[in-house]
Structure formats: structure tokens, C-alpha cells
Amino acid sequence: MLTKFETKSNRVKGLSFHPKRPWILASLHSGVIQLWDYRMGTLIDRFDEHDGPVRGVHFHMSQPLFVSGGDDYKIKVWNYKLHRCLFTLLGHLDYIRTVQFHHENPWIVSASDDQTIRIWNWQSRTCISVLTGHNHYVMCASFHPKEDLVVSASLDQTVRVWDIGSLRKKSVSPADDILRLSQMNTDLFGGVDSVVKYVLEGHDRGVNWAAFHPTLPLIVSGADDRQVKLWRMNETKAWEVDTLRGHMNNVSCVMFHAKQDIIVSNSEDKSIRVWDATKRTGLQTFRREHDRFWILAAHPEMNLLAAGHDSGMIVFKLERERPAFAVSGDALFYAKDRFLRFYEFSTQRDTQVLPIRRPGSTSLNQSPRTLSYSPTENAVLICSDVDGGSYELYVIPKDSIGRGDGSQEAKRGIGNCAIFIARNRFAVLEKSSNQVVVKNLKNEVVKKSGLPIATDAIFYAGTGNLLCRSEDRVVIFDLQQRLVLGELQTPFVKYVVWSNDMESVALLGKHAIIIANKKLVHQCTLHETIRVKSGGWDDNGVFIYTTLNHIKYCLPNGDSGIVRTLDVPIYITKVSGNTIFCLDRDGRNRAISIDATEYIFKLSLLRKRYDHVMGMIRNSQLCGEAVIAYLQQKGFPEVALHFVKDEKTRFNLALESGNIQIAVASAKEIDDKDHWYRLGVEALRQGNAGIVEYAYQRTKNFERLSFLYLITGNLEKLSKMLKIAEVKNDVMGQFHNALYLGDIRERVKILENAGHLPLAYITASVHGLDDVVERLAAELGDNAPALPEGKEPSLLMPPTPVMCGGDWPLLRVMKGIFDGGLDNGIGRGAVDEEEGEEGDWGEDLDVVDVDGLQNGDITAILEDGEVGHENEENDEEGGWDLEDLELPPEADTPKVSGKSSVFVAPTPGMPVSQIWTQRSSLAAEHAAAGNFDTAMRLLSRQLGIKNFTPLKSMFLDLNTGSHSYLRAFSSAPVVSLAVERGWNESASPNVRGPPALVFNSSQLDEKVNAGYKATTAGKFTEALRLFLNILHTIPLIVVESRREVDELKELIIIAKEYALGLQMELKRKELRDDPVRQQELAAYFTHCNLRQPHLRLALQNAMSVCFKAKNLATAANFARRLLDTNPTNENQAKLARQVIQAAERNMTDASQLNYDFRNPFVTCGATYVPIYRGQKDVSCPYCTTRFVPSQEGQLCTVCDLAVVGADASGLLCSPSQIR
């Protein structure tokens, strides 16, 4: 039983599914009717008009209606759209048990405790028939889904079937008069329009429920005798077929399943039972702890059931409907109706492959749960819940696809989960022991492996890897190395979907989607309120997923949205371009076309592919609040501007993107104070004084205008502001403007006019206006204030602005990728879609040009009336001389000049280090550029080097050596300059040469000679250090010619031979107490490829060691080899002859050595044992030292850099090799 939804409430007595929407009605014992959305799990509405329990409720098939019947003897018909009861049908005299709409006619059937069944016409709102005959409460009555029959069950222990055929005839108005007359008679004298067809007797107690089969002539009934009976009927009679026993208490409701051949019943024994209708046996039982069941309902279209009990209801399914499937390239394998089927996406061809045999099972949920496919072996693994979890392995013959007749016996096994992990290996999870068993295609165990977490399911995670799931986490486990490669805490994961390149994985839970990379590093999480059903990756790396009612998308950054809605749930199998391939619940393949524009648009924005964005803006119908809001939220208001027609939104977006031009145009359209004010603030931020002035003029904001003129140094307009303040009779404004202008006489005059004579007197006397002082002193008389003693007055003058008038100088930039293409109206020819500059080049900071700005003369702001009025007042004093104020017409908007000399900011060049690395595949040049990561990768690929510790200091030397640093001045950062190889003064300044390198081949020659000297002198440790240093430097040398490349390769061999020989000699010196091993090492040293003098020394050394140890025959061999070299040193030759003479007397060896000088050999660099010709060996990919096979995968002991036996392409040290 798969519970989909559960409610807690009063006892549920009636249930009804909506035929189309995910709704269910529940009528309660408390009198309330609840309307639930079982998909969302929300209560949509409640209807509360019945008095007492409501036992019956039913949705209409097509109208927005439902009917209810309760213990208040009322039948109510409701309109759920209007949220109210339309009318009440009265007539029953006792509790109403059930109500039901007819599927075609406007009828309702109701059953009541008054022992009658009534049929009502809900359009005429009348009772059209009363069915009498039962002699106890009628517990239920329902229409036949197709024929004119009604079945009813009563506590009189019978089930009755009624024929209502004549009712249908009666409801059709008769054509001729004779028929009409007979009908009138019938109406007057109570004709028989409904007759009992059959009375089914067989129950020993009252019958609680009876129901028709949707298609067959069967009836099922349940009664207080705890039995479920199955009846069959034909035209003439009905009879009992069988009895289903098992319930422990009264059977309260029973019905046939709409899709499957089963009967579902529930009872007051707190259980729901499922029966096989053909075999008449019990399949399954579901129990509750404390709640008796009262009612069952089946969905008319879907595989859903609902059951009402004492404390609520449950909506449930008996079986999973998700088809098991596996996608491989262009093919889909899936299980349907006990067959394995094959579907090809490209041709949309669907064929049957082979039957999946099922043993006769006694329970539900035996269908395949998962399917895994191995394309190379053409094998399929099918897992199901049979026997507590088992799998079947089928190998499909190559030719049988498309024939569908192959039938083979599967290889079976027990296990909770089975998946292919390699071509011919599959893993089976054993939950009990928490381990995975790996098997081959013969179903034989290959190996077992314990799991790192308590795992309840396994999924594929790449070849040889498993994704193990537990309750709260998933881990990726490598079965070969038994390592955990990644771990992630997640909600319970149900399905796992890998992207095509196996780089990303989507983990689907019930209500969440977690996207991670292949190492399970979390990228984003999405939460859904509705259940997530399936998903697939499209070719752009967008995850497309389905919920119960939507197809949605998820971008790599976690943004999601709806692609389209769904009528029925689907399971995505593949996303290809604009087509989604999916399976529905009936196992049918469907291809759904979608419009991917929205998510491709957002993805292009996210990935900064602005050329694509431009193309889509021009060519598609991308519009709507959502896209505008998205663009604004993601910081692209300038793009959003081109979608918007609404002026207020345009204004806001223009301000946000700094586009003053559009903001001015919108502000003029809107023309309200607030918008002008905000425009002024933005223009001030951009230093666009002309627009600021215009905005302040439009709002008559004189204080701000005065201050603007002060800070821009526009004294001429300030003096006009002073006159305007006079005309406006704004004393404070006058005084401020006089203060800004530094006009003392004006200030004195204003103070005098305002009646502040003492202040006027002080101002005049401080500033030395003697004529005014005398006049004011005469007026004030004794009240003239005295100036403070000992204070030095200072002149109060406004500072001169640093920059007079004009706009702030702004850096002019090239138009952004969006502006150029869109300002001239969308769709006027293609934009140059250059991808040179990544990203969007900032905002158009300065669109408005101020050259020749024609701002309105400030005085134009005054209303004419005000000027005239003031003139009259001031006439008698000679008046203010205002004649020269010529007021021009209403201020014009500042012109925004179209073309101006645009300064193009230089594009930043590519960093030298980037040029170096792009042009070169030489490790030394990457290291010089500071790109150590790629340098190491190159060395690893070319020479198999894995240990970079010895090279670290050289990398740093190369990097610092290829750059020089200049101090500019103290506060500026140090400027780094690239030092180029082979630079001269005539070189072109724009062409970059390769980096200068601190290591070269001449240094190596010096080191080789020093190594030879140290070897001759017997300083073996020093010599070994020099030769190893040569081996470590060669990978980071760059030479010009092919000849030099060959010399370097020879040098590697020389250094390797000496390093190996010296290591053996140093090892020999450590072995004091092992004479045999000492002799062997001395002997092997003579087989290293050394220079003649060093070879003689090695031979003399080996001869001495063997002679002392009484190995005379071997010593004589070394002596002969020494003489063969024609030693120049007479002592050496003499000693050798003496050894040969001594040996010839006794040609024996005291001890057996692992040394055969007749058989050519090389020495293993790690174990120092001979590897004779014909024996297997492995070599170091860099220094070519040979090793015994057991050393494969270890670090080379000679060069200490590369891994023995690794794949490598060879030394790359010259540009000539690449050409």
C-alpha cells in the first residue's frame, strides 16, 4: 500500500474523488464536508450547513457540482466554484445513507433509513421516482455505470437490482399525443417506472454495501455477517458466485477496482482487504491500530483509492505505477505487461524483446522496480520485490530485438538491488550483511565487498563505482580500491540521474532535487511542494524534471522554472533538443515538444553568452513580468529595459542601469514630482549638471537649484535666483542667495527690509559700508549695538568652485553588447556578435552630452501673475528694476546630442604569462609563466613524472628568472616585466617572444665534467648529487635544434648509468658484513656504461674485492677485462697480470655469486639484481632504467621523478619537435 495523502479529522463517512482535478471530498460525522487537494496536501474548502453527520457525498462528472446527504433528512446540491449550497431536496423521512449523480442524466439517487430509494432530477429539483420494496434501512444505492440499473443494499439482508429503463423513456418528452396521454395516466395513478429486477438473498445479516462491476455483469456485496459475496447476473436471473471470508467484523464497504481484476473491501475490524476477483483469494491486508473503516472510494480515471476511518481518511495506491526502464544511447529498455520492450528514440520504433515470466504470485507489487542494462553484452537485470527482493538476469540474443519471440529462462537470485557496474559484472546488495556481491554473467560470485555506510539501495556511478544510499546520505564507493570517493548529506534519495558525460548527477528525493558533481560536491538544492517524479539532463547541462503536474527545469546555479504543465504524471527517459521522451503510467512511450527558450535564455545569461542572449531577444517572444524581474535580479537592468513598455518600470530600470537618456524620456511621460526628484539624484551621481538643473526646475525646487548653482559656480544664474526669491517674497531664499553670492549690500538691504535693523547695522559696520552705517545709526539712535572689543572681523565669501559649470568629465566607454544592439529598436539588422570582450562593459555612464545645453532660463519658472503683482507693490519706492527680465517660453528639455567624440577605453591586453602558456607545450615555459599546474601535467604526460618535490625549487627559479620587477613610485604596486628569450632592440614591440629560462645546456656540460672529476677522485656522494641534478634539470631545459635534442637524450642515458653505478657502489660500502653481496654489487658496477678511465677503476675495484674473498676465477675475469682496455697506468696492468697468475694455479670460486658475465644483462635500478636477456622487465619512462616487473607502479629509484612502467609520450624540449 502506497499512502499518497492522509488527513486527521472527525470520523469520515462519505468520500468522492473529483473526476479530473486532484481533489477529494470527505463528509464527516460532525456535519462538515471537507474539500482536499490530495496532491498538494491542502484543505481547499469546507462546507458546513448540514445538521448532524453527513453520510453520503458525490462529485458530478462534468459540472462544478457535488451532492451531499445527511442525518437531517436533507439532500443538498452545492456549487464548489460559488462556495455555496444551490438548493436542498426534501422528501426522505429518515437519515440519508448515500447519494450519487447519474453519469449522463440529470439524476441523483439517494438511499435512506426510511426504507426507500429516491431518484431526483436536480435540474427540475423534483423527485421523479420512489423505489420501495426493502423492509429495513437501505444502506446504499448506486447507478450502473452504463445500463439503466440501480443496485441497493439493505439491513433486510437482501441486495436488490432495479430496472429504471422506463424512467429514461419518461424523461424524453414523447412525440405523439397518444403516448402523452398514457404518460398522464401513469403520472396520475402512480405508474411503475422502476421495477425490482432481482432480489439477491444469501447474507445472514444486514447488507451494508453493494456495487456493480464497471464492465462485467457482476455485483459485489458486504454485510454484517463478515462476508463479501460475489454475484453474477444475466438478462433473466442473478445468482451467487462465491463468498470471500476473512473479515473479523462487519464489512462496511466493498468495490471492484477500476483497472485491475481485484476487489477491495474494508470493515469495522480496522482492516482493508484486497481480494483476487478471479481466484477469489485474499491478496493483502492493511490494518490500522485503533480506527474502524467506514467507506471506500475509487478514482474514476486513476489508480487511486481512498478509505475513511474513525479519525480521518487515507488516499492510497495498491501498486507502484512507475515503469522500470534503462536508457542506453539511442535505446530505451523498459518492462510493460510482463514483457521486456525496446524503444529507439531516433526512429520512435517500439518492439517487444522477450517475455518476463512471473510465477503465480499471491500478492501485489510484484512488477519490476528497476532495470539495468549492459550494452556491450546486451544483458538486462530486472529487480522486483518478489521473495523480499530478487533479481533476474536475461541475456538478449542480438537478433531477437524486434522479433519479440525469444523466451529464455532467467538467471535468478535474491538481493535488494542489482545493477551492472561493468561490461560483464553486476553488483547485488545484501542488506542483511550490508555488503555487495559482485557476480559475472553466469551468475557466479566473483567477489564480496563490505560497504562504508548502512546501505539500503545502490545505484550506478561509473564503471566499478557504486552510489550507496542510506537514510540521510549518499556516498560513491570504488569497489576496486574499496575507497569512498565522495560523500553528501541529503534527504532520502529515491532516484539518481547522471548527465551524459557522467560529470554531474541529480539526486531526486520525494520533494527535493540535489545537483552535485561526480565527486558528490554539492552544487545546488531545489525544494518542491509537489512530489518529484523523474528527470533527465539536456544537452546544455540543464536538468529537466517532472513533478506530478509540471515539467520544470533547473539551471546549474539553482534557478528553476516551469516549462509546461502536465495532465498526467510522466517519467522522463531522455531530453533531446526541444523534445522530451517519456513513459507514462501505462508504459506508453511519448515524445513531448517543449519550448526551451526561457531556460536557454537564462543559461546564456548565466554563462555570459551575450551573443545568444541578443539573438533571442530579437527573435523570440520572450516577455512577461517573470523575465523582467529575473533580469533585474541578476543585474541586467539594461537588457530588461528592452522588454518593458510601462513607463514607470522603464524609468526604474533606466535609473538602475544608469541610462539617463531613457530616464529623462520616461520622467517626461510620467511627469510627477517624485520621479523628477529621483532623476535629479541619479543625474547628480553621474555629474550631469544640465539634467539635474532641468529636474529641479521641473519641480520648482529653488533651494536645491541655488545650491547647485553655487557648487557649479554659476553666479549669473545665482543672481537670477535672488531676483526670483524677491519676486516670490521669499525672504529666507533671498538671504541665502545673497550669502551664496557674497553680496553684502544686498544682505544689509534684506535685513533692513525685514526689520532686523541692529543686524543690518552690524553687517554694514563690519564690512565698512559707512554711508549705510550713518543712515542706520540715525534711525536706531541709542539702540545702535556696539561691536565686540578685540575681535578681528573676517570677510564671509563663498569659495570659488574648483570646476565652473559643465558636467563632470566621465570616461567614455564603448557601448555595451546590449546597448548597441538594442537602442535603435530591436531587430534592425544583426549586431556584431563579437566575443572579444567577456562580459558586459559596464553601464553607459554618460549618455547625455552637455555641449550646447539649452536649459530654460530660470526666470521662466515664474507664473506671469506673480511678477505683475509684485511690480505694483514696489512702485512707490522707485521699485525694483525688473524690466530687463525677458521671460522666454517654457523651459525646453536639455538636448541629448546623438554623436560625440567617443573615447574608447583601451582593451586590456592578454597577460604575458597567458600568451606564453597558450603558445607552448614545453613544460619549462609553463613553469616560467607561473603556470605550475599545467607544467606538472605536461611533465606527467610526456615523461610519466609523478614526484615533483625535487623540481619545486627549479620551478620557482624559472618563474622568478623570467620576470623582472620595477618600482614605479612609493604608493604604486611593483610592476612586473616579462623577460623574453632572444630579445633585441629591433624586435617588434607587439610580438611576444618565449620566456627567458635560467637553465641551459651549457650549464649541464659543466656539471657533467664536475661529476666525472668527482667520480675519478672517489667522491661518490658528490658525484651522485651532480648526476641526479642533471637528471632533474633536463626536463626543464629548452633547446633550439634537433641535434641538441639528441644530445640531451644521450645525456639522460649517461647520467642514468653513472647514477645507478654510484648508487650501487655507495650501497656496497654500507654492507660491511655481507661479502657475497659486496662482490655482486662491485661486479654489476663494471657493467654500467662508464667512460674508459672510470670503467678501469671499477674493474680494478671488483678484481680486488673478489680476490680478497677467494673468488679467484671471477677476479681473473675482471683482470682480463681490465687488460683488454689497455690501461695507461702501468700499476693497474701489473696488478691485473699478478691476479691472473695467482688464479691460474687455482681456478675456483669460494662463494657462489648471482653473476654470469657470459650472459648479457642489465641491472635492476631498485633491487640491484641482474635482468638477463629474455627475462621480463619494466622501465622508467624518463631515465629508461630497467626494473624487475614487481616494481611496476613504484617511483623510479634512480631519477626519483617518474613512475616505473607509466605511459609517456617522451621528452619534449624544443619547438623544433612540435613543428
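Any Cβ shown, glycine's included, is placed from N, Cα and C.
Listed in TrEMBL:
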| type | residues | note |
| --- | --- | --- |
| REPEAT | 5-46 | repeat 'WD' |
| REPEAT | 47-88 | repeat 'WD' |
| REPEAT | 89-130 | repeat 'WD' |
| REPEAT | 131-172 | repeat 'WD' |
| REPEAT | 200-241 | repeat 'WD' |
| REPEAT | 244-285 | repeat 'WD' |
| DOMAIN | 340-584 | domain 'COPA/B second beta-propeller' |
| DOMAIN | 625-768 | domain 'COPA/B TPR' |
| DOMAIN | 815-1219 | domain 'Coatomer alpha subunit C-terminal' |
| REGION | 865-898 | region 'Disordered' |
| COMPBIAS | 872-889 | compositional bias 'Acidic residues' |
Number of helical, extended and coil residues in the repeat 'WD' (47-88), per DSSP: 0 helix, 23 strand, 19 coil
DSSP residue counts for the repeat 'WD' (5-46), split into helix, strand and coil: 0 helix, 26 strand, 16 coil
DSSP-assigned states of the repeat 'WD' (89-130) in counts, ordered helix, strand, coil: 0 helix, 24 strand, 18 coil
Tally of DSSP helical, extended and coil residues in the repeat 'WD' (244-285): 0 helix, 25 strand, 17 coil
Rounded mean pLDDT for the residues that make up the repeat 'WD' (5-46): 93
